[in-house]
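Undergrad: Grabbed the feature section from TrEMBL, which reads as follows:
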{"type": "DOMAIN", "residues": "C:122-321", "note": "domain 'ABC transmembrane type-1'"}
{"type": "REGION", "residues": "C:1-21", "note": "region 'Disordered'"}
{"type": "TRANSMEM", "residues": "C:46-67", "note": "transmembrane segment"}
{"type": "TRANSMEM", "residues": "C:123-149", "note": "transmembrane segment"}
{"type": "TRANSMEM", "residues": "C:161-181", "note": "transmembrane segment"}
{"type": "TRANSMEM", "residues": "C:193-214", "note": "transmembrane segment"}
{"type": "TRANSMEM", "residues": "C:253-280", "note": "transmembrane segment"}
{"type": "TRANSMEM", "residues": "C:300-321", "note": "transmembrane segment"}
């Protein structure tokens, strides 16, 4: 088991390297392939008085003229050892972990990411709790009461949930609950948990529910389908043959097996979400990683986009790793040696 | 040129795109001077002070749908920032805190009086007020001002600010105090400080309106000892009535009273609230909703409410009574690119001028509330501007017959095909492109719509002549606002072909020697009235070339929450004057 | 043995009992899986209604494409500014300007007819949904089958490749990519290049999801007797792959595809919402909905019909996909 | 067939030892029908038999003959609503068909237990062997976990698992097939059931292991004095094991008799077929197996007349009787019942001349 963890960890690190390499290449190579010159790329970062030579020297300072692998090498080195950025006027130190330096807002990207992460984590975890509880619960009950009104109604609602874009439901909910009824905080009113837990929850409750509604739908459907399949398994029959009551059969024998696929999907979903709930954050103007990325893309602030993408990828990879390790806990058949 | 920088901010995605900050005139020329009023009603804060008050105390709550370019006085170019910065910094000159056109006049701030020019207008001398202190109690000297201006010259470190000092000071190769041989960073020869209270600017060419330069935030003193370069924006040392209490970049900041600000040295500022809070990156529609509900006092960006709130306010008399709808010194227009065939032929350009339906242009910006239809470049609020309409049509809906004649004259009787560019995140510009596509389509001019990222519009796309030409960008939607309300401040940067660079331009299309000649004439005209007329001639000359299709003179619909006191629109910024505002509770 | 409950699905218990293998004709009428599935599907009213709806929509989309782009009979971009309140910029009259002439109302500012735009937008929305699905299913199936069938280092390589793809935050990536790739790429005109781009990005980055499913299926199928039999008879890999394996993968591919199409339609809508959708003035349902989202406070009706179009389409595909899965998979009943 | 005959059968075939008037398990006219889209599947259609304590009944038949459905009906494991069950299942006098699900549940595991075909899928993969036995025991015995675990270890020891105190904490996948089936048996026997149903207990196992498992069942039956039903498609499995054998076809019993007679003097052509398709280790290998041609009939449209007629080589011997009239289930010799139109002479003749020589 221990060896397995180590092996998976190493695998995750390698994966992260590859992902970062590809991401880096896409952001710095694709524009070049598409016809942008290094001067084009550098011209975003120079002042208004810059002439051709100044732009070119900026491109050189930024390292755009170096081969891509050297640029990438510097970037990776920065993550571990920190990096120095020559803005032309001064050399700015970006302490480790340095996920790049924005020449547009003139600050290292990492502190921003850390700052925004709190919002995204708050949003993602809160919503996850709600959708897990509701999604899995509804799915189980639906499976056990297959064909009943509850089953049809909840599956209908679940389908509606996955059939609506979140910015639609989000805006609708804001219209009704914030501006119409005044029950919840308007969009864009985020408060840190540490500052005021009540306001924090108040500002997030609507995004939580909206996001959870969307996801719960999928989980309910998945849980129901898996549950139906599981309840037809031989071991369920065995459990019944032992004379166990139905509750024990469902919870201890049925649900336990449903956990594995739920866990897989949940890990992936949460990982993706932690890297920035782009649509939800945009809809509710929550200053999380997703909003940060979208804003950065609008202002063409590549280092920020790269930073968020890498953090997002890291979350996904970590989530996958955790899921894999949890497999071992949940499913003893997954043998590690 | 409060140029594209001013207008860069964009709420991402579908969320609304904010319109812009603006400078210039308040609702025509009716100027009731300082007569105050408490009577509510639409436009109650235009040309007069609404709800005048001297009551101190309370917290002024402001919000920004985007973020500052920089809080550093040497690195900021947004109109609202120049308006707001007066709360924590004192430049040599400033716009007078007064309603209407009075607000567009300069008054001494850190300086004791207006600048004294030499006879050749190349040397300007200012005396600095005594007793002005930084927030830490240190006395402000002329060297702090010199240092501040010197550092603002460094556009690598401070890319956002204006470049007037770079262009006009006799730099002699000086680039930056950070690369200065003088340990105090005072090696710039173009500025002299004979004593602690005197500062002398030496220009490379004569310039009569230097006081406007002296009113820029880059003359706000910066203590060398506290200067942290790019990081100074995180901890700006105040000279104004307020200082930073907290400052979380990109999120929020708060200002509290600066004990070392002495009202005796400052005849201009009222400094009514005890505290000012600012929330950044708030959804624009949410800002409007909070203004209307009273949870917020000011939308600092000062470009008016979003379309949704606009419709809501206009439809509700009670809300409408609390709104102002001033005209700004801002023009929404479309460049016609002579580099792209067949637009190199003036007749084809004229065909576009005639064919365009300006009412559609106006609708794109929100109808009559969003702006007045423009027939030339210079906004009417700028003194000396004249009504010039060289391509008239009934109800401004376009003259199809004239357009077809022009097309025939151009040798394209069946029309032609070209591209129209707009800034991707600007939904209003998108609406303009769609509208022009329809109206030009009436005469067979087929437009293909292309969008480009707002942030790089000038640097990589429309503002880069090579790109525009090779991508066949015949039309390029754009907008322009004056840095200050006069002809120079508005027209120079968008009409002078000699300033056109390989990339990063603000003048996308107007390239004509006649226009350049008219500019030179206006620049050297010493008499003010004649100078104003000369700039109007520049406007006419530019329109004769048909290189620019004027669309709309911007107006914004401002909502004025009941909590605010001492509210008025200043023509200096076409916004509420932030130095004057107070709150009731 | 299998659970007796499955008897209910119509055939007798299936149990490999070599000693009793029959030699003559089957006593009961034999039906292929396809026939059984079709029979079941026909009985599933919800799925059938959804299926019919989908067919109607596809026909409508093709007609729209022809009318809009080939014959130019309809003009989804025509302005009706007289229908717009000049002050408020929203349609005159109640309910977003709904009238006999404009049954779905008109858009704010310019008064374009919403029904025509939804109709004209249908082909782009559906094309993106379908083509992106096709692309990802194609890549995913090929990769999944190859990985599952050849195993060894091929499997390792492809599996790791899938891990890499899955690790990208897809949405972020899509926005960023659409931004850096120039508009005139791929040499398509008007909307072509953007549509191609969207299809490519959506399709190319989501293939590992189906790739994983197909790989797992292939791995288990590979161990089945009939594949062994085929192999032991000396069949070459391509034969085994295409003649033996693929037919058995049709069911999961089909089901996954019908469930992926609505996801992709929503994805396109999301990209539009984030400002990287199709170029104006062309409309897709996504761009219309995201445009409408800026007006929802004053002209909520604008949001209704594009929203419904997306909702109904996505719902229909989901319901049909569910029905198809139930029909194709006996265990799901 | 008539009820009277079946009552007779019940009385004759498996006479209970302790209560002469009533067998421990009695199944009377059991019908299990599944309504489906295509029609009613008559998986079991009028089945009657009984079984005493300490006795073993082998139920033999091919797929779809209804043998597993029968056993699941006894255990009450059909999902409610999916199956229509009629008739009587009397366990020690208590009718399971009319009992509430809760009453049946209390009997399950305690008084009747079941061993399934594939011990890998029949055991929960996520729980240890021990935990699953403990669970089975504690459902019906209010004892501490420790006590139950001790019992589990004993049971594992009992079924011949080496080092039971260690293996008790292993997961099913860590056991070999035979060991798993032993564990399964341990679990089934943990509450000392009076009725044990083994549904194809050896099908999934190696041939060598099969014998061990069967021996184990026999041994345990002796120790526990349970009634045992062994369900199989393989006559060989029950040859040594069962006291009586019931051959099922298309949801009905076609031949019933004691084990010895079924093997030495089978009377029904279907039984002949089964015997013919059974590999015999004690015979020469030179001869081919004699499979039964055709496939089992649809349980929705059971053939007219004798359900076996489409596959029966001798169906034409009595005119069209086999295709028109359903043969009665009748006693042909004491304790030996068959359902066949062939006369005694015909059967004797065919057996002697055509079948026996080939076996």
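Glycine too: its Cβ is placed from the backbone N, Cα and C atoms.
Just tell me what is around each of these and how deep it sits.
TA: Cβ atoms under 8 Å from those of the transmembrane segment (C:123-149) belong to residues 57-58, 61-62, 64-65, 68, 155, 158-159, 161-162, 191, 195, 198-200, 202-204, 206-219, 221-222, 237, 240-241, 245-246, 249, 253, 256-257, 260-262, 264-265, 267-268, 278, 282-286, 309-310, 313 of the same chain, restricted to positions at least 6 beyond its ends.
The list of residues near the transmembrane segment (C:161-181) in space but at least 6 beyond its ends in sequence, with Cβ under 8 angstroms from a Cβ of it, reads 143, 194, 197-198, 201-202, 205-209, 211-212, 267, 270-271, 274-276.
Beyond the transmembrane segment (C:253-280), the same-chain residues lying 6 or more positions past its ends with a Cβ under 8 Å from any Cβ of the stretch are 124-126, 128-130, 132-134, 136-137, 141, 171, 174-175, 178-179, 183, 190-191, 194-195, 198, 202-203, 206, 209-210, 213-214, 286-287, 289-290, 293, 310, 313-315, 317-318, 320-322, 324-325, 328-329.
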Undergrad: What same-chain residues lie close to the transmembrane segment (C:300-321): Cβ under 8 Å, and 6 or more beyond its ends?
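TA: Same-chain contacts beyond the ends: 46-47, 49-51, 53-54, 57, 91, 95-98, 104-105, 107-108, 114-115, 118, 121-122, 125-126, 255, 258-259, 261-262, 265-266, 269, 285-286, 288-289, 291-293.
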Undergrad: Using a Cβ cut-off under 8 Å, which residues of the same chain at least 6 positions beyond either end of the transmembrane segment (C:193-214) come close to it?
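TA: Same-chain contacts beyond the ends: 124, 127-128, 131-141, 143-145, 147-148, 158, 161-163, 165-166, 168, 170, 173-174, 177-178, 181, 183-187, 249, 252-253, 256, 260, 264, 267-268, 271, 277-279.
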Undergrad: In terms of Cβ proximity under 8 Å, which residues at least six beyond the ends of the transmembrane segment (C:46-67) contact it?
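TA: Non-local partners: 73-74, 119-123, 125-127, 312-313, 315-317, 319-320, 322-324, 326-327.
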